[in-house]
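Structure below; questions to follow.
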């Protein structure tokens, strides 16, 4: 006997708010897209607390960028070849920790505090302890290279587990691209302030450990004895940073609340990490962003790491080291709000040209290493560094939005993108710093010596001038080649939530939106 056919299966009805949003005329949707709803706006307190959360890592990174190499060479008196291995191993450790952090965070469940903030809080005590022992001078001398390699690798890996969830938190603050850009500007400004604080506090504390007085009576360039006071000063400077970590992490937890993706399952298993990694690696805008800033970030790291050595051994600027570092960081902090205005007013591709401002001045410093020139170069370099730090973190959310418009994936995407980006930039920095430090060994650098050979002076001039110039120009050429996505409108930012409810005939409209996405 024939069975009467049942009712035809019907599609799941969309929620009323999504149905209303999808049925809006384009003109209405465009008008509403020009502004952000009140619920999507972030308060001033939230933005400030979010920015404060990134301060500890920047304080620590600033101190290590400007002073770790000098500490290892002249205080710990490790040979340059071992210092190269320490720096390279630490950077590689941090880079390798990025995909691991992304994988573990992607698989983690959401708690009452969110999915990302618990990772930041959990890593805080461990990264602080690793940082302290990085600046501790052990009583033995034969295994100091192994000591500093171990703790620098631990510090970089733990700092990565701190930074990846913190950076990915940008995507979960609000669906509004404009508010995310504003939060990023607050974050970069406060991180610049943290960078300034790290270099200032660390430099002021350890200033008595270095100076020309130790070499005034020395005729032969022999290594000087390590002062116990120098080791004590570096330990005190490290202890100050250790205190900053829990304070800033606590303020982040108190002032910032995650907004979970409405389409994301609570278990965080919408997209596996390996599958997501394969998709992100094939996403053209992401590839362009990563490759371009591989060169740019490596150039900035080389400039930071060798400025103090250049002033100490390749010029007569050793009395100006602290002032030059402060000039760089103050100009970077003060110019960050200006660059945020330029970014909003003229677009991100136009803003990128600000990075190349430091190119002619870096060459000028290597050719004419005098105090007036050095201060001008320091100011301009700080302005350019502010752009190089602000721009990628402002572009990356646009890349994530562009990816989500093409793929139906909810949770974990932002951590995959952020961890992958940091992985590649750290890897490039590891290679650049490792090779450049090894070049000092080949040039004949003597640890703790009062006067270096002429070959070392020439090598430092090349590292401070020609190397960053070539890297910056290469990165900008890659970034400017071809189109890339821009920040979507408020309506576009809701598209991942609407895609599964959209009828088939809306595909043409979505494809037209996709073709219109280019960085201005």
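Any Cβ shown, glycine's included, is placed from N, Cα and C.
Okay, these came from TrEMBL:
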COMPBIAS  1-17  compositional bias 'Pro residues'
REGION    1-35  region 'Disordered'
COMPBIAS  26-35  compositional bias 'Basic and acidic residues'
TRANSMEM  116-137  transmembrane segment
TRANSMEM  149-173  transmembrane segment
TRANSMEM  193-213  transmembrane segment
TRANSMEM  233-254  transmembrane segment
TRANSMEM  274-300  transmembrane segment
TRANSMEM  320-339  transmembrane segment
TRANSMEM  351-368  transmembrane segment
TRANSMEM  374-396  transmembrane segment
TRANSMEM  416-438  transmembrane segment
TRANSMEM  458-481  transmembrane segment
REGION    487-520  region 'Disordered'
Would the transmembrane segment (116-137) count as touching the transmembrane segment (458-481), if touching means at least three Cβ pairs under 8 Å and pairs must be 6 or more apart in sequence?
no
With the transmembrane segment (351-368) as the reference, which stretch in 149-173, 416-438, 458-481 has the largest tally of C-beta pairs below 8 Å?
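Comparing 149-173, 416-438, 458-481 against the transmembrane segment (351-368), the winner is 458-481.
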Among 149-173, 374-396, 458-481, which stretch has the highest count of C-beta pairs below 8 Å with the transmembrane segment (320-339)?
374-396
Taking a Cβ cut-off under 8 Å, which residues six or more beyond the ends of the transmembrane segment (149-173) line up next to it in the same chain?
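Distant Cβ neighbours of the transmembrane segment (149-173) are 42, 46, 50, 53-54, 56-57, 60-61, 68, 85-87, 89-91, 93-98, 101-102, 105, 114-117, 119-120, 123-124, 126-127, 130-131, 133-134, 179-180, 183-184, 187, 252, 256, 258-261, 393, 397, 400, 414-415, 417-419, 422, 426.
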May I ask for the residues of the chain that lie six or more residues beyond the transmembrane segment (374-396) and have a Cβ under 8 Å from a Cβ within it?
167, 170, 181, 184-185, 187-188, 191-192, 289, 293, 296-297, 300, 303, 311, 315, 317, 320, 323-325, 327-333, 335-336, 339-340, 343, 348, 351-352, 354-358, 361-362, 364-365, 417-418, 421, 484, 519
